Amino acid sequence: MPVSTRSQISCQEEQQRSRCRRSNEETQMNNVTNNFTLRNPHHGLKEKMRALTLLYEQQKKASAILRNNNPSSSPKPDPQEKRLTSHPSVDLLTSCKRSERKDEKEQKDPKFNNVMRENTVPTLPTMGNSTVTRTYVLPQPPLDDAKENLSIGTDRILGFSSCARKATTMEKAKPTVVVRKLSMVGARNVQELESNANTEKNGRVGGNESRIHVFVRLRPMAKKEKEAGSRCCVKIVNKKDVYLTEFANENDYLRLKRLRGRHFSFDASFPDSTTQHEVYSTTTAELVEAVLQGQNGSVFCYGATGAGKTYTMLGTLENPGVMVLAIKDLFTNIRHRSFDGNHAVHLSYLEVYNETIRDLLSPGRPLVLREDKQGIVAAGITQYSAYSADEVMALLQRGNQNRTTEPTRANETSSRSHAILQVVVEYQVKDASMNIINRVGKLSLIDLAGSERALATDQRTLRSLEGANINRSLLALSSCINALVEGKKHIPYRNSKLTQLLKDSLGGACNTVMIANISPSNLSFGETQNTLHWAHRAKEIETKACEANEEVIEVPETGTDQAKLLLELQKENRELRVQLTCQQQKLVTLQAQSLAAYASPTPSSVTYLATPSTVQTQEKCKPRSTFLTRNCFTPESRKRGAEEAVKELRLTVKALELEMARMKKEHASQLKQKDDIIHVLSKKKEKPTEVGVKVATKASLRPKEPNHGELKSPSHRFRSPVPTAKKRSFWDITTANSPSVTTLNGRKTRSHIVSEPVAAPSMLPQPGFARQRPNALK
Ligand SMILES: Nc1ncnc2c1ncn2[C@@H]1O[C@H](COP(=O)(O)OP(=O)(O)OP(=O)(O)O)[C@@H](O)[C@H]1O
């Protein structure tokens, strides 16, 4: 066991002490170093930099040696590139650049271009003024890239997108900033493209559905408004956009200079200088053409009282409105087409006043609305057949005189009712295969009563009641518009008579146009804003696809053709019968001759035999050159003997008999055939309509009514075939002796305004209306 001595212990102690001192010194050193590091964070960086530079130099040399060894390798790198390659992000940039260059190179390649063209966004043909572009789903790149491509769609952007793709896969590097910017642009563009596509879908051109087309018309500032010191708060820009400015209240000194505005955009907006013709040709002309093709069309004016609805729809004598121009246009078009078909025009005119429906062409008791297969109809309404624009004008004039108007504070001749003029055009034409095509188009022209505030009109009881009813129906109209826009299943058409009547125009298969009339005055700011709001909303209403109401009636053969054929066959038959009797007579004669020759072959008998018919009696003195005389009664044959002649005769008779029998048989069969044909044809003649009548639409399912030589309407509502001769309804008969309608229910009509008697329809050379405004706004 080892034993430690004192000297050993002291030596160990000494060693331990010295170890301790060294360690203390080291910790002190470390502390000093640490303290220094904290004090100077860049300490040692120079050394590190130097080391890195050395390493770089070494690598550079090594790569130079490598390149020298293999001179055919890649071209000399860009010095700039060389300087930056040490950093990973720089690596990324260079790779992006390279890929960009590669993309550029690839795009120069025609093959590549062909492939890429499928992925880029093509520009579609222009629609109107704007270029319509369509979004395409790109098969390869992710969504962001697709947006980028959509946003610019050039060669460069492909480079950016590929670069961005690398950045996301490798590292989130700097180029993403650029990408994000482009993505935002792309997103906006995508939205634009989508909205364009929607516009295309909603427009009349594309898609199965079309939407209501909304136009705005600004009327000029009225004299009254100018006198009241009002300012113009509406500005129309680009023939489409309407800027509405709200001026601050004059008493509100703090906000006197403050302007608030709203912007609306429509299919077209008409400034106050627009003529009636311009309004008509932009809004309604197309609809009139479509009506002639068998489609339904509706035009209605909406707006506050005094905003110019009646001016737009009816106009004046000097400036006729949409109704007049449409009727004129309709008849002009009909005249141009008259060579290839028959047209019939039927007309009705009604008003909705205080939630009751009145026939304006035959005023009487209120009418009741009924819904049938054709839609909602006013039962018992008068339908007139019109043959010229003048006749329609006369009827319109008469109807307008019966229409309810009242002077209100806002308008001297304010329409207190909604007026609906319906023109139905029936067109019959024969197609190439001589089938009859029957088209029925309906044009509804609607002048609504003005939406109004009670204060704007009047406080009197009747006026406020009228106003309440007008507002009620317009409110119902707004609810229907809302429900239609929101795509609700239930549309509250039944809330008012107006909406019931407009059901077809709003939610049916109909080309519908809404003209929103507005006043420029800041005094009517609220009403104008309201009108613009609803008009803007109505733009979103989609109507059903409008198809032509068309019937195709196949006609087999006309009755005259059949009769002709029958006569021909009968004639032929008669001739055949005559031929047969002749042949039979001949046979009988021959038989008699042969018998006579057999009994007594004398010259007398020859004379007898030679005169078989009565015609030949005059020629009996003449020598005959028949086969009988030639062969049998020459001097030589007499020598041969009578028996031979008889033999010959018998043979001839036999041959003739055979031929006669054959002919008889033939004729009998021919006669039988023709008898059969005549029988079939006479049967057809008895029931001509049962053969081959094919009706292409539902209209065929309706029970047929007797047609008194006129075009028959599928609606069954045209009960007045005689021109201008009015068919009287039940209500007309019951109210035939009632007092003047102008005072009916105490309401005033337009006949109050015009005292002249109504001109007879044919006497009216000029269209127009007796809507005179003594103190009209100027
Ligand atoms: N575009 C226009 N150019 C010239 N005058 C106009 C125009 N629009 C309207 N007016 C005039 O403004 C006045 C009011 O117009 P109108 O009677 O047509 O209004 P309204 O909307 O039908 O009113 P209400 O709903 O009360 O019947 C009329 O005197 C009319 O001549």
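Positions of Cβ are set from backbone N, Cα and C atoms, glycine also.
Taken from TrEMBL as is:
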- 1-43: region 'Disordered' (REGION)
- 14-25: compositional bias 'Basic and acidic residues' (COMPBIAS)
- 27-38: compositional bias 'Polar residues' (COMPBIAS)
- 64-111: region 'Disordered' (REGION)
- 97-111: compositional bias 'Basic and acidic residues' (COMPBIAS)
- 211-541: domain 'Kinesin motor' (DOMAIN)
- Gly303, Ala304, Thr305, Gly306, Ala307, Gly308, Lys309, Thr310: ATP binding site (BINDING)
- 566-593: coiled coil (COILED)
- 639-673: coiled coil (COILED)
- 703-725: region 'Disordered' (REGION)
- 703-713: compositional bias 'Basic and acidic residues' (COMPBIAS)
- 756-778: region 'Disordered' (REGION)
Please average pLDDT over the coiled coil (566-593) for the predicted structure. 82
Counting other Cβ atoms within 10 Å of each Cβ, which of the binding-site residues Gly303, Gly306, Gly308 scores lowest? Gly308
In DSSP terms, helix, strand or coil for Gly306 (ATP binding site)? coil
Are there residues of the same chain, six or more positions away from Lys309 (ATP binding site), whose CB falls under 8 angstroms from its CB, and which are they? Cys301, Tyr302, Gly303, Ser415, Asp447, Leu448, Gly450, Ile515, Asn517
Densest Cβ neighbourhood among Ala304, Ala307 (binding-site residues), 10 Å radius: Ala307
Binding-site residues: Thr305, Thr310 - member with fewest neighbouring CB atoms within 10 Å: Thr305
